[in-house]
Structures are given as structure tokens and as C-alpha cells.
Amino acid sequence: MKTRYKVLTALFLLSIITFLDRVCMNVVSKYVKADLGLNNEQFGYVLGAFSLAYALFEIPTGVLGDKIGPRRVLTRVVLWWSAFTALTGTAFHFIYLIVIRFLFGAGEAGAYPNASIVISRWFPAVEVGRAQSVIWAAGRIGGALTPLLVIPLVHALGWRWAFLVLGVAGVLWAAGWYFWFRDIPVEKKGITAEEVEEIEVGRKQVATTHHVSWQLILRNPNIWILMLMCHLFFYAAYFFTNWSATYFQEGRGLSEEQTKNFISLSYFLGAVGCIVGGYVSDVLTKKYGLKVGRRTVGMIGLGLSSIFFLLSGLTTDNESAGYLLAICVFLKDLTLPVAFAVCVDIGKQHSGTVAGAMNFAGQLGGFFVTILFGTIVQKTGNFNYPLFLIAGCLAVGALLWLKIDPTRSLHNSDIEK
């Protein structure tokens, strides 16, 4: 196996751990709410604390990765969030839990911007979309595995111990990453000269100690449109990450077993969507160029997902709603690796910063929808109203892909030392 594919395997495992840790709270929501006496509105603030911290620390961790390298940054942030994953199990009060989840989110914020940096340094341009799709598919696999692993743990040991077990897994990954990985392919022991040349000839990013001017970022309409698209996309993403278990159990009256199966099905289909989206985007890019390759997949994925979200909220059959929502995840996740591939297309050696800016906007969307879902449900008692809101957001996001131009990159002449 080529060394870069071993690197991708390590990122694959990281992405699984990332989603195991974040989806766990969704899966155990009814136990946490019952234990701490929380209603849906209060629980929304607990979940929102993660998203807010993720948004606030997304850009700084991306910039830090561009500056000092993803080896050190990923080691630190994984150790950080693993500690607070474990500490989640010690929660005894509403405010304490909010603080712990905020600090947990601050750590997880660095995962995907720095994974994008790794991909940009280790993969030629024609493989970037597929590499991104593998990472995001792994996250979906992690989400699918969460109910299958966590619910038996909860039944055997209680919800608090589930968080401790997940925290230990992250620590083990961080140790292995620090001692094995190197930021630059040529520095990695055992890599062949042929593979180094293959990477160097076609890759998007070179290592840099420069930083990108924030004036350049803020004055770039292309990046603003990308950020807005991601903001709207995350309204759908965080419904599944934070509220799907509550929706199925309280809104649709499904059993814990049915809920477990629908959450797993949704995330497994999301994994397929990520793989298909990245592959199709790379094929179209090779044949028709970046604009067609990126825009086509992005528009189709979000546009169709919008329709299925609307149908999910309108159907009166509870199990049909579960299957329709699972299809939504497949469709929307066609877009995910493409969006991060665009960050590489635009950002080049500063892809971590661009990915951080995009995901910052996305996480703000995740924060807003998390709070809104809990508040709307608590005030109206209707679990489908938020789905109509999400459908509208996805429709607008699909249209925004018409304006996203992956061929318009940041220029080295605009980079400040």
C-alpha cells in the first residue's frame, strides 16, 4: 500500500472517532435529559454549546495547522476533546454540562480543517475529491456505529461510562498519529521517491509558514458564497447529529430499537453519499473541468435533499419518515466532500484557513438550528416544523452552487509574510 493511503487510513479512523464522540450525546439524549431533569429547550442549549465552540475555534485551528503543521495540531486537539468527552460522563448539572460540551467542541473544531491540510500536502489534485469523500464517509460510518456501540454500553454500564470509553479511543489515536505521521511526504520514513514525485507533480498545496491576509478572505465574494452554502447545509447536518433520536422517539413515537436502526441507516447511506459524491465530482472534473465537476454534484445533492426533507415532514407514516430522512442524508452528503475539495481548489497552500472559514459558517448554522429545533418543539409541540425550515435552507444552498467558482483561487501575490 502506498504511504499516502496509509495516511488516509489514519484520517479515516480519526473521522470515525470524531463522529462517535459527537453523535453519542444524540443517542443517549433521553437518558441524559431524564438524569439531569432537562427539557428539550434546555437540551438544545447543551447541544448548541458544542456547535458554538466549534464555530469559534474552526478558523484559529485551521490557521494554526497552516502555520505549524497538522501533525502537532491534530495531536493536541484530539487529546483535548477526548478528555472532555470522558468528562461529559461526570456531568451533574445543566450549566456544568454546557461548559463541558463547549470545551469539547473547541477541540473537535480542529479535526477537519487539518485533515484538509493533510490531504492537500499528501495527495495529487486528481485524488483530492476522493480522499475528502473517504474522510467524510468515515465520519458517517462513525455516526452509524454510534447507536450500535453506545446503546449496548448504556444498557450494561450506564450512559456516563459510554463517554469514558470513547475518550480513551481518542487518546490512543493521538499517540499513534504523533509518533507515526509527518507533515511533508519527503520526511516520512519508508516512502518511495516515485510516490513523492507523484504527489509533488500534482498536488494542490505546499508547506508554508506564510499566513493569508484576512482582508483577502473577507473581500472575496467566492468564499462568502461558499460559507453561506455551508451555513445552510449544516441546518440539515446538525438535525441528524443532535436531534434525530429525539425526533424519532418523541416526535414519531418510535422505539429505541427502531431509532437505533434509522440513525444507523441514515449514516451508512451518508457514507455512501460521500464516496459517490467525491468520485463523481473527480470524474466530472477530469472530463469537464472544475466548475462542472464541483457545481453539478453540489446542486443536485442539496436540491434533491430539500425535496425529501419536505416529504419527511409531510408524511403521516412514522416509518416512512425514517426512510425518507435516510435518503435525505445520502443526497445531502453527496455535497460534503465536494465542498471541502473546493476549499483545496480555492485555498491551495492555505486550504486549512479556507476550510476553517467555510466550516465556521457551517457550525454557526449548526448552532442556530440546534437552538431553534429545541425551542420550536418546546413552544409548539410540533416536531415537523423544523424540517420545513431545513428544506428551505437546502433549496437556497443548492442555488448558491451556481455562484461558487472553484477556479478562482487565492493568489500567492496576495499572501503576506
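Including glycine, each Cβ sits where the backbone N, Cα and C put it.
All TrEMBL annotations are machine predictions without curation.
Feature annotation from TrEMBL assigns domain 'Major facilitator superfamily (MFS) profile' to 7-409. Taken from TrEMBL, the feature transmembrane segment covers 42-65, 77-104, 161-181, 223-241, 261-284, 296-315, 321-344, 356-377, 383-402.
Same-chain neighbours of the transmembrane segment (356-377): 40-45, 47-48, 51-52, 54-56, 58-63, 109, 112-113, 217, 223, 226-228, 230-235, 237-239, 241-243, 246, 251, 339-340, 343, 383, 385-386, 389-390, 393, counting only residues six or more beyond its ends whose CB sits under 8 Å from a CB of the stretch.
Looking at 42-65, 77-104, 161-181, 261-284, 383-402, the range that has the most CB pairs within less than 8 A of the transmembrane segment (321-344) turns out to be 261-284. Taken together, the residues of the domain 'Major facilitator superfamily (MFS) profile' (7-409) have an average pLDDT of 91. The stretches the transmembrane segment (296-315) and the transmembrane segment (77-104) do not meet in space: the count of Cβ pairs below 8 angstroms, excluding pairs fewer than 6 apart in sequence, stays at fewer than three. By number of Cβ pairs under 8 Å, the transmembrane segment (161-181) is matched best by 77-104 from the list 42-65, 77-104, 223-241, 261-284.
Residues 22, 25-26, 29, 32-33, 73-74, 77, 94, 97-99, 101-110, 113-114, 116-117, 211, 238, 242-243, 246, 352-357, 359-364, 366-367, 370-375, 378 of the same chain, all 6+ positions outside the transmembrane segment (42-65), place their C-beta atoms under 8 angstroms from a C-beta of that stretch.
Same-chain residues lying 6+ beyond the ends of the transmembrane segment (77-104) with a Cβ under 8 Å from its Cβ atoms: 14, 17, 21, 24-25, 32, 36, 38, 42, 45-47, 49-50, 52-53, 61, 110-111, 114, 159-164, 166-171, 173-174, 177. Away from its own ends, the transmembrane segment (223-241) comes close to residues 22-23, 26, 51, 143, 217, 247, 263, 266-267, 270, 298, 302, 305, 309, 325, 328-329, 332, 335-336, 339, 342-343, 346, 354, 357-366, 368-370, 373, 386-387, 389-390, 393-394, 396-397, 400-401, 403-404 of its chain (Cβ-Cβ under 8 Å, at least six residues beyond either end).
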